[in-house]
């Protein structure tokens, strides 16, 4: 250690006894200032030199966090930082008189405070900002920064749930002072979002401020207020992944029941299974969806999908009846044969095995068996004897019976095949219709998510 450091240490030792004296001087000046200011001060009266003069209060709000959005009770809970600034005409001093002291911090309960409250408050608890200090400057400017947890009423519209946007207003104003006594104005055009903590469910688009001057029925003087409108948009990613996409996939699966072969026996089972799955998802949706007078968008989508699945299952049952028309069924009507088995089958490319697309099997009329002509003689043949076996009537009758039975069986089989072909045409037709409906409904809902 050199001689320079030795002299520095000696100087510090000499200054240490003077340090408490300097600090004590500043503390004594603050105490003296406090006693002088509040010797004849009262916090019960409005601090203006002229009672006819309005006191200007500047209001600034900083949004810190969205605590809760209760759609069921329509209550919004926020954590705010509220700053109020005004000028107190009775709390002024000359800084030179008090050693250059230009500001002090004192409990807010000692000074007059504007009775600015949240008009649309939805909570009966006292505000948490009553115990904070105020910053008092030498020119009488008072700044009161206080955190507050506010519960305000908010009209929630969930008609577009889960792609809805909400507008919640927070209206601040004096409860007893009119515009001629207290004038409140916002600082800036919007609330500050610099310290906002992002919410997992809501995205904040802004919080603009607007000053209004209203006249109420109870009083003749106007009452100014400041309304901060919180613009919110719901984050729909969780609802899309957990509720919407499964419903979309199930709704696209339901029309495929028309593509199942009728002999598989699973056509109706698939429709009923899809309907049960949609019912389960609708129960889950009803638990997470806020109640409202209007049906939300996702609720309408679920109802439309369940209606479509119900109709498709009913049509599948009717088509199964057409498919299983037995040999005893009557022939396909002529208009159905021409329109459905002809034009519609070619347009939907419903064909038999080995038949090229666009061509349909020409309708065949079932030949009616004709009894043998007893008046004509036996066919010419090598047998000319009167007792030949081929000339016997009994044998010809049996042959005619066999031929008639064969022709009847062929006609019944052909009618059965026509009904099965008609069922396939109807399956292909309703497959295109219901799949298009499911795809269009799903796209209309998913477009709202983009």
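Placement of Cβ uses the backbone N, Cα and C atoms for every residue, glycine included.
So that you can see what the record holds, here are the features copied from TrEMBL:
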type: DOMAIN; residues: 31-235; note: domain 'Neurotransmitter-gated ion-channel ligand-binding'
type: DOMAIN; residues: 243-444; note: domain 'Neurotransmitter-gated ion-channel transmembrane'
type: REGION; residues: 354-380; note: region 'Disordered'
type: SIGNAL; residues: 1-24; note: signal peptide
type: TRANSMEM; residues: 236-258; note: transmembrane segment
type: TRANSMEM; residues: 270-289; note: transmembrane segment
type: TRANSMEM; residues: 301-320; note: transmembrane segment
type: TRANSMEM; residues: 429-447; note: transmembrane segment
Q: Quickly jot the same-chain residues contacting the transmembrane segment (270-289) by Cβ under 8 Å, restricted to those at least six beyond its ends, or write none.
A: 158, 161, 239, 243, 246-247, 250-251, 253-254, 256-257, 260, 296, 298-299, 302, 305-306, 309-310, 312-313, 316
Q) In the same chain, who gets a Cβ under 8 Å from the transmembrane segment (301-320) while lying at least 6 residues past its ends? A) 244, 247, 250-251, 254-255, 257-258, 262, 267-268, 271-272, 274-275, 278-279, 281-282, 285, 295, 423, 426-427, 430, 434, 437-438, 441, 445
**Q.** Mean predicted confidence [pLDDT] for the domain 'Neurotransmitter-gated ion-channel ligand-binding' (31-235)
**A.** 91
